[in-house]
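Peer 1: Below you will find the structure I want to go over with you.
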Amino acid sequence: MVGIRYDWQELEIRAIYNTPLLELIYQAASVHRQYHDPTKIQVCKLISIKTGGCPEDCSYCAQSSRYKTEVKAEALLEKETVVNIAQKAKETGVSRICMGAAWREVRDNSQFEEVLEMVKDITAMGLEVCCTLGMLTANQARKLEEAGLYAYNHNLDTSQEYYSTIITTRTYSDRLNTIENVRQTNVTVCSGGILGLGETVDDRVGMLQTLANLHPHPESVPINILSQVPGTPLENQPDVPIWDIVRMIATARILMPASDVRLSAGRARLSQVEQAFCFMAGANSIFSSDDNKMLTVTTPCPDYDTDREMLNLLGLGMRPPSQRQEKVASPAVVG
């Protein structure tokens with residue numbers, strides 16, 4: 001069985017990424033089968049509980065108040081609304097709810113208290129709950145843990161070297177500090193990046209090296225594909241080739257074998273065949289929706305019926321929620 005390492009070198013990762021494609025997919029699929037059931041995919045639902053009006057300048061984001069996009073600032077959703085959305089998602093087979101707020105950081109106010117209540121209620125439904133709320137202090141992480149939060153998402157986005165080209169209002173160290181604050185609790189870490197920002201292969205390798213040398217690895221590694229939003233600085237970026245996406249997923253799977261690798265934002269433009277290659281390369285999670293949207297109008301997302309049809313075609317089942325004590329995947333060899 002392939003062991004888990006935390007000392008990956010840049011040259012090693014680049015060599016893996018540049019392996020002939022079919023051989024790379026084979027190697028990644030072999031690793032995947034040692035740690036995960038290759039016949040199961042976790043289906044997740046992302047709820048934008050606070051949309052738009054973010055003060056940060058992330059070049060890709062429609063929710064930044066600095067850019068003229070179709071997204072307008074909205075108030076925090078009512079708890080009952082969020083819980084009802086989660087309940088409907090659960091009825092379709094969704095096992096993980098991710099709640100996102102367009103905040104720079106979490107503030108200790110009534111809105112945070114409301115989020116804590118949302119976490120409690122959705123956790124009580126037997127679902128995994130993930131939050132992505134911006135920067136987080138150690139004390140706030142503990143409060144989320146006490147509310148029953150399963151995971152906290154804080155992406156690195158890209159390599160440390162390329163990062164300042166994409167965002168200037170939050171440092172790379174800020175992101176790593178938030179991850180460390182989450183690590184002080186029993187909440188699992190969700191952290192990945194975005195393809196298509198204008199980064200080089202070296203930047204992709206650098207981001208993966210940072211993630212793969214965190215000890216422990218993030219339990220969840222989302223691989224996002226840029227959706228070019230009109231009005232943002234990256235609106236004219238070219239599409240990422242499918243084989244770049246597959247290479248990134250396969251490399252992440254080999255470097256972090258026990259982690260969930262999530263085929264996240266940008267999946268709507270991929271065909272069923274292209275998504276099948278991503279699953280073969282080690283992706284074992286997707287985001288689905290009942291309204292063709294992931295974050296309001298910012299990122300299109302396939303609907304439940306479309307995804308169910310695809311999973312049935314590929315012979316893949318929906319994975320149930322994990323239990324707290326199982327937050328790090330155990331090795332499981334499936335025939």
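Cβ atoms here come from the backbone N, Cα and C positions, even for glycine.
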Peer 1: Check Swiss-Prot for me: it has C98, C130, C190 binding [2Fe-2S] cluster, so pick out which one of R33, R253, R262, R267 it puts in that same site.
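Peer 2: The one candidate that Swiss-Prot places in that [2Fe-2S] cluster site: R262.
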Peer 1: Tell me, roughly as an integer, the mean pLDDT over the domain 'Radical SAM core' (39-267).
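Peer 2: Average per-residue pLDDT within the domain 'Radical SAM core' (39-267): 92.
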Peer 1: Using a 10 Å cut-off on CB atoms, tell me which of the binding-site residues C54, C98 is the least crowded.
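Peer 2: Checked C54, C98; of these binding-site residues, fewest Cβ neighbours within 10 Å: C54.
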Peer 1: May I have the list of same-chain residues other than C98, C130, C190, R262 whose Cβ is within 8 Å of the Cβ centroid of the recorded [2Fe-2S] cluster site, in sequence order?
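Peer 2: Nearby residues not in the site list: C44, L46, R96, T132, A151, N153, S220, P222, S264.
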Peer 1: Within a 10 Å radius around the Cβ, which one of these binding-site residues has the most neighbouring Cβ atoms: C130, C190?
Peer 2: C190
Peer 1: Are there residues of the same chain, six or more positions away from R262 ([2Fe-2S] cluster binding site), whose CB falls under 8 angstroms from its CB, and which are they?
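Peer 2: In sequence order, the residues whose Cβ lies under 8 Å from that of R262 ([2Fe-2S] cluster binding site) (at least 6 apart) are Q42, C44, C190, G192, S220, V221, P222, I223, A283, N284, S285, I286, F287.
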